[in-house]
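Let me begin by presenting the structure, written as structure tokens, before commenting on it.
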Amino acid sequence: MALSEVYWDHQIPIPKLAPVQAKVTVALVALLCFMNSYDGEFVFDDSEAIVNNKDLKPATPLNNIWSNDFWGSNLSSNSSHKSYRPLTVLTFRLNYLLAGGLHPVGFHVLNIILHAVISALMIDVFAILIGGLSYDEKGSMLNHAPKTSLLAALLFAAHPVHTESVAGVVGRADLLCALFFQLSFLTYCKAFNRGSDRDDSFSVRWVVVSLLLCAAAMLCKEQGITVLGVNAAFDVLLICNVNVYELSQRLLLRKNPLDVSAILRTGLPTRLALMGLGGLSMLYARWRIMGTGPPAFTEVDNPASFAENIFLRIVNYNYYYSLNAWLLLCPWWLCFDWSMGCVPLIKSATDWRMAWLLLLWCVLIGLISQALCSQDSQRRRTLTLGLVLLVVPFLPACNIFFRVGFVIAERVLYLSSAGYCLLLAYSMGHCCCCWSKCRKPLCVSLLALLCVYVARCALRSHQWRSEKSLFTSALFVCPLNAKVHYNVGKNLADRGNATAAIAYYREAVRLHPTYVHAMNNLGNILKERNELIEAEQLLSKAVSIQPDFAAAWMNLGIVQNSLQKFEEAEQSYWNAIRFRKKYPDCYYNLGRLYADLNRHIDALNAWRNATVLKPDHSLAWNNMVILLDNTGNLGQAELIGREALRLLPNDHTIMFSLANVLGKLQKYKESEGFFLHALRINPNSASCHGNLAVLYHRWGKLELAKKHYELSLKLDPEAPGTRDNYNMLRRKLDQLKHPTP
């Protein structure tokens with residue numbers, strides 16, 4: 001363990017702050033960078049992980065979070081992504097309970113606070129990795145590199161690549177994982193806060209606590225297990241002070257025998273055995289929890305992993321690594337999604353992008369050679385541990401051990417960026433030592449870099465505040481990404497701009513001709529615009545490409561129904577139900593088809609299935625009441641209407657339909673009550689005023705009838721039948737006022 005000051009630390013051109021002041025400063029910088037995202041919306045993946053995730057709702061049993069994945073799907077399902085992060089989902093649920101619903105401010109604020117805390121704790125992590133581990137007589141940790149650790153923490157706090165993790169609520173997984181990662185590492189360090197001078201003296205209790213915190217990190221995000229690799233490297237290089245280069249020379253050349261007893265005296269084998277056993281236990285438990293094996297990703301998610309030969313796979317994986325390195329070096333081109341053509345595959349050794357691979361490995365080999373062969377023990381230790389912190393947390397995303405479901409994901413660089421920041425801070429100190437005359441320009445450059453980082457974070461955080469700005473910003477970074485155009489189109493359609501949405505959906509299909517979701521959404525818009533022939537062609541193509549695409553089958557059925565292709569429509573609906581057993585909306589549309597064909601029993605059965613699968617399916621309930629009313633089954637219509645209102649007590653459309661039935665059954669008082677209740681909920685319903693007027697007309701309450709006829713005509717002067725009924729009532733009132741002799 002190093003006990004002396006790091007020789008380059010005093011050359012770093014920033015003030016030396018007390019420990020508390022340093023942490024407060026770093027936390028404030030972190031808050032400054034991302035505070036403008038506090039009032040953002042739920043965007044992109046937040047929709048699935050939070051807005052549509054039933055595990056957040058208080059009505060859902062708490063135990064469900066331990067059997068479901070991050071997105072709320074059961075882990076045993078073949079469609080599950082197998083991302084098991086129950087502790088992260090638990091914090092979402094707490095946010096939901098504290099805010100009383102899905103209010104994004106609380107979710108965003110907690111993310112920002114977590115990043116500030118993590119950034120402040122990074123000072124302690126960097127201090128140990130750079131300056132070594134030592135304690136004063138009171139047991140407090142000493143920081144032998146106060147300036148270097150502060151600089152590295154400031155760079156970490158302000159690095160723009162963190163925006164996705166902080167400004168996107170689903171980034172909570174990365175933040176919590178990083179927090180427990182740090183705590184696991186710092187707790188492992190506590191195992192060596194010993195009073196004994198014995199080499200093998202360490203606390204097994206703290207090692208076990210560190211393993212438990214590692215398990216907690218893994219329950220926040222799978223990447224958490226990599227802290228064991230960092231702990232092991234720290235133990236070998238700092239606690240045991242092993243010179244890896246000399247050790248490898250001894251083993252390979254066999255010049256000097258390896259002193260096994262010296263290694264045993266350090267207790268290293270015991271600690272490595274404990275960590276190995278703990279890590280294997282976590283991996284085994286994780287594998288058992290996954291149930292059906294690893295998730296199934298498609299070529300769209302990670303095209304390099306589907307390349308035709310292993311050479312092309314390796315080349316493209318390395319190209320992805322170089323792009324990740326570039327995002328750390330120059331985090332200007334940031335995008336919410338890097339799939340679907342954003343990064344075209346390298347298919348030939350003559351591709352000019354091969355130069356980036358060579359450059360990446362030249363830099364890495366240079367750093368590794370310095371880390372292993374330098375005569376300067378402090379430089380050797382700092383570079384080695386910096387590389388460990390850079391590379392080890394990235395290993396789960398590198399496609400070596402298993403296929404991942406993305407090309408590039410900025411959020412997976414959250415922990416790895418700490419290693420980059422450590423190396424950058426070391427480089428600044430080294431440059432200040434070697435070029436003391438250039439200290440002032442270096443200071444200006446450092447200040448400029450931090451200012452650029454803060455400004456970029458603020459700009460990028462602002463883009464993450466809404467889906468409109470987030471998706472639009474990606475058009476300039478990844479113009480060839482079909483998913484970017486798809487999401488811009490979807491956002492425009494959701495905001496009612498169907499014409500602009502069509503152009504983006506068409507571009508998405510042009511860029512990716514088998515993009516079935518874009519075809520489905522485009523087909524839906526064309527259906528609404530009554531461009532049925534093209535809509536049918538698009539939806540037919542979508543289901544031919546992906547035969548189990550249930551939503552496209554249902555939408556195709558709706559279009560075919562509109563084209564009066566009734567047999568084809570029925571078959572399309574049943575195909576949708578075959579591929580998605582619990583599909584209430586499809587049963588509802590199937591019922592509409594049967595109603596159009598006067599197959600009333602089949603229609604009622606279909607709508608009943610819809611309400612069984614989705615008890616709050618208002619349209620299905622209402623259609624059953626209306627159909628029974630129209631066919632003269634008033635008693636059954638009344639029963640269905642009352643059953644529906646027990647489940648949906650504030651649904652004014654069902655109240656309206658039931659009130660009509662009760663009026664025909666001459667239950668005028670009860671019918672009046674439902675009409676008036678419906679009008680309290682929806683006072684501007686012309687049809688409700690009109691039908692209530694008819695009820696009063698039948699009931700003999702003519703003045704009230706006159707009042708509601710007039711209200712109905714005021715809201716809708718063209719209301720069918722209302723004008724005639726009103727004129728009839730006026731004639732009757734005139735006769736009553738002026739009876740014929």
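Backbone N, Cα and C atoms are what each Cβ position is placed from, and that goes for glycine too.
Just so you know, TrEMBL annotations are computer predictions that nobody has curated.
Not measured: the values here are computed from a predicted model.
Summarising the annotation, TrEMBL assigns transmembrane segment to 112-133 (among others).
Taken from TrEMBL, the feature transmembrane segment covers 201-219 (among others). Beyond the transmembrane segment (201-219), the same-chain residues lying 6 or more positions past its ends with a Cβ under 8 Å from any Cβ of the stretch are 84-88, 176-177, 179-181, 183-185, 187-188, 190-194, 225, 227-228, 231, 267, 271, 274-275, 278-279, 282, 286.
Within its own chain, the transmembrane segment (225-245) has Cβ neighbours under 8 Å at 1-2, 128-129, 132-133, 181, 184-185, 188-189, 192, 210, 214, 217-218, 263, 266, 268, 271-272, 275, 278-279, 282-283, 372-373, 380-381, 384-385, 388-389, 392-393, 395-396, 415, counting only residues six or more beyond its boundaries. Taken from TrEMBL, the feature transmembrane segment applies to 225-245 (among others).
The domain 'DUF1736' feature in TrEMBL is assigned to 293-365. Mean pLDDT, taken over the domain 'DUF1736' (293-365), works out to 86 on the 0 to 100 scale.
Sequence-distant contacts of the transmembrane segment (317-334), counting only residues of its own chain at least 6 positions beyond either end whose CB sits under 8 Å from a CB of the stretch, comprise 159-161, 163-164, 304, 343, 346, 353, 356-357, 359-361, 363, 394, 398-400, 407-408, 410, 413, 416-417, 420, 453, 456, 460, 477. The transmembrane segment annotation in TrEMBL covers 317-334 (among others).
Taken from TrEMBL, the feature transmembrane segment covers 354-373 (among others).
Same-chain residues lying 6 or more positions outside the transmembrane segment (385-406) and placing a CB less than 8 Å from one of its CB atoms are 81, 129-130, 181, 222-223, 225-226, 229-230, 233-234, 237-238, 294-295, 297, 301-302, 304-305, 313, 317, 320-321, 324, 338-339, 367-368, 371, 412-413, 415-416, 418-420, 422-423, 426. Per TrEMBL, transmembrane segment is recorded for 385-406 (among others).
Secondary structure of the repeat 'TPR' (482-515), assigned with DSSP and counted as helix (H, G, I), strand (E, B) and coil, comes to 27 helix, 0 strand, 7 coil. Taken from TrEMBL, the feature repeat 'TPR' applies to 482-515 (among others).
Same-chain residues lying 6+ beyond the ends of the repeat 'TPR' (516-549) with a Cβ under 8 Å from its Cβ atoms: 482, 485-486, 489-490, 493, 498, 501-502, 505-506, 508-509, 555-556, 558-560, 562-563, 575, 579. Marked as repeat 'TPR' by TrEMBL: 516-549 (among others).
Here TrEMBL flags 550-583 (among others) as repeat 'TPR'. Here the repeat 'TPR' (550-583) has long-range neighbours at 516, 519-520, 523-524, 527, 532-533, 535-536, 539-540, 542-543, 589-590, 592-593, 596-597, 613, meaning same-chain residues at least 6 beyond its ends whose C-beta is under 8 angstroms from one of its own.
What TrEMBL lists as repeat 'TPR' is 584-617 (among others).
Taken from TrEMBL, the feature repeat 'TPR' applies to 652-685 (among others). Outside the repeat 'TPR' (652-685), and at least 6 residues removed from its termini, the chain residues within Cβ reach (under 8 Å) are 618, 621-622, 625-626, 628-629, 634-635, 637-638, 641-642, 644-645, 691-692, 694-696, 698-699, 715.
Counting same-chain residues at least six beyond the ends of the repeat 'TPR' (686-719), those with a Cβ under 8 angstroms from any Cβ of the stretch are 652, 656, 659-660, 663, 668, 671-672, 675-676, 678-679, 725-726, 729-730, 732-733, 736. For 686-719 (among others), the entry in TrEMBL reads repeat 'TPR'.
Sorting the repeat 'TPR' (686-719) by DSSP state (H, G, I as helix; E, B as strand; all else coil) yields 28 helix, 0 strand, 6 coil. The DSSP breakdown of the repeat 'TPR' (584-617) into helical (H, G, I), extended (E, B) and coil residues amounts to 27 helix, 0 strand, 7 coil. If one looks beyond the repeat 'TPR' (482-515) by at least 6 residues along the same chain, the residues whose Cβ comes under 8 Å of a Cβ in the stretch are 44, 300, 335, 337, 339-342, 467-468, 471-472, 474-475, 521-522, 525-526, 528-529, 545.
With a threshold of 8 Å between CB atoms, the same-chain residues lying at least 6 positions outside the transmembrane segment (112-133) that come near it are 1-3, 5-6, 9, 19, 22-24, 26-31, 34-35, 37-38, 141-146, 148-150, 152-153, 156-157, 162, 165-166, 172, 175-176, 178-179, 182-183, 185-186, 189, 192, 234, 238-239, 381-382, 385-386, 389, 418, 421-422, 425-426.
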